[in-house]
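Summarising the annotation, TrEMBL assigns transmembrane segment to 96-117, 129-151, 172-190, 202-221, 233-250, 256-274, 334-359, 393-414, 444-463.
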Amino acid sequence: MFGFWSDTGQIYMAGSVLDSDPLLCRLCTWHYIYVAVVESEEWESGSIFSFPHVEMATPEGHEANGNERNSGADDPDRARLRELGYKQELKRGLSVVSNFAFSFAIISVLTGVTTTYNTGLRYGGPASATLGWVVVTAMNGCIALAMAEICSAYPTSGGLYYWSARLTGEDWAPLASWMTGWFNIVGQWAGTTSVDFSLAQLLQVIILLSTGGANGGGYLASKYMVLGFHGGILLLHGMINSLPVTWLSIFGQIGALWNMLGVFAFVILIPIVATEKASFKFVFTHFNTDNGEGIHNKLYIFVLGLLMSQYSMAGYDASAHMTEETKNADRSGSIGIITAVSLSSIFGWAYLIAITFAVTNIPYLLDSNNDAGGYAIAEIFYLIFKERYGSGAGGIVCLGVVAVAIFFCGVSLVTSNSRMAYAFSRDGAMPFSAVWYSVNKQEVPVNAVWLSVVLAFCMALTLQSKIRFEHFL
């Protein structure tokens, strides 16, 4: 049997002897360092990633860390990871609740609905938002169930790209996993960019409303200040993600709890505070075709409106990326995915319906000349409190609650990004893989963390206008 080590020291591929030549297929790239000959009569034919029956030696310069040395040989998580072709290098200290919390905090319906509600209102309006959520929820439910089943079979930090390799077969594995991996990791970096830039823009709106609003002489931070906010937020997220995973678990659980309590509070508060409410018929049947883009086809408008719901329900693959740090990974990762999607679907719809009942004038909410500068949900919160109490201060506090939720969402996103980058580089699929694959003494892939932070900042350099950012989302 033939296998080989990547430049990161991980043995991950093997093949059989065909006409005296080794059949070598690499996971994500087609170059390799050197070939090690391993004899095993128990090799499973067709398996292209793991050496399930071979105790893998560690190459020079890649000594096993404390977690690997001290793990018992009968640890089922460690044994299963070894069967899949990898050794335990990250600290396995997360519970099923922590695993769920990462995905739930990343989905963060307070983040997704708030930052993209303008899209829902513009393309289809209330009907597209409330009924479109049901459509997207049904689709995501099917995807989540499928992902959960695969995750239980292959609980690795690589997640989707590793699954692609195992499910497509030996011939197509390199191409399928390479494409899946790069789409996944670039999408994750872009996701971090959008979330943290959304927080920076929300801070801009909070400052604007706190100083009098656009029509009251309020201060509008420049695009360069917004970029500075974005950089500062990313810096904080990088510092937090450099902490041990036990600390990250706390942040993830706080983020999940904050989202739940925030939605509960808004669902109760908005109907009580709002002096004027939309009708049930308006919320569920009114279809807005006045989008200002010259688009008149209702089906196309409805599909565009679904972008709000789909953006809000993204990121639950985080549970898969965290499985190498989760106890009982084959079970916990699956539970994390299904639970996060199920609860987010319910909480998101409740928040969406509550906020839509406060919508009475769509053109005004989307007008850049309103007090919030055209930020629909910010204007809704500001107006309902101002109309009820004569001051929009309560609405600004509500926006602060959303801002905290977005912050926690960004923390968990960087965590997920870094684990994906760690796994992808472990398989030699990224430039300078040995750098991003390394872990520190706390068993954290800290280089991958800061790679995600830097790239998320670089991506934001192109988002210096509202139009560009909406297209980016």
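For all residues, glycine too, the Cβ spot is worked out from N, Cα and C.
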Distal contacts, the transmembrane segment (444-463) - CB-CB under 8 A, six or more residues away: 90-91, 188-190, 192-193, 196-197, 227, 230-231, 234-235, 237-238, 241-245, 414, 417-419, 421-422, 425, 435-438, 469, 472
Dominant neighbour of the transmembrane segment (202-221) in 256-274, 334-359, 393-414, by Cβ pairs under 8 Å: 393-414
Residues from the same chain, set at least six apart from the ends of the transmembrane segment (129-151), whose C-beta lies under 8 A from its own: 117, 120-121, 159, 163, 167, 283-284, 302, 305-306, 308-310, 313, 316-317, 319-320, 323, 330, 333-335, 337-338, 341-342, 345, 348-349, 352-353, 356
Same-chain residue ranges lying at least 6 outside the transmembrane segment (393-414) that approach it to Cβ under 8 Å: 101-102, 105-106, 108, 110-111, 114-115, 188, 191-192, 195-196, 198-199, 202-203, 205-206, 209-210, 233-234, 236-238, 240-241, 248, 251-252, 254-255, 258-259, 262, 265-266, 269, 273, 315, 318, 377-378, 380-386, 449, 452-453, 456
Cβ contacts under 8 Å made by the transmembrane segment (233-250) with residues that lie 6+ beyond its boundaries: 90-91, 93-95, 98, 101, 192, 196, 199-200, 325, 407, 410-411, 413-415, 418, 442-444, 446, 449-450, 452-453, 456-457
Within-chain partners of the transmembrane segment (334-359) [C-beta distance under 8 Å, separation at least 6 from its ends]: 96, 99-100, 102-104, 107, 109-110, 112-113, 117, 121, 126, 129-130, 133-134, 137, 140-141, 144-145, 147-149, 151-152, 259-260, 263, 266-267, 270-271, 274, 277-278, 282-283, 309, 312-313, 316-317, 319-320, 322, 326, 365, 377, 380, 384
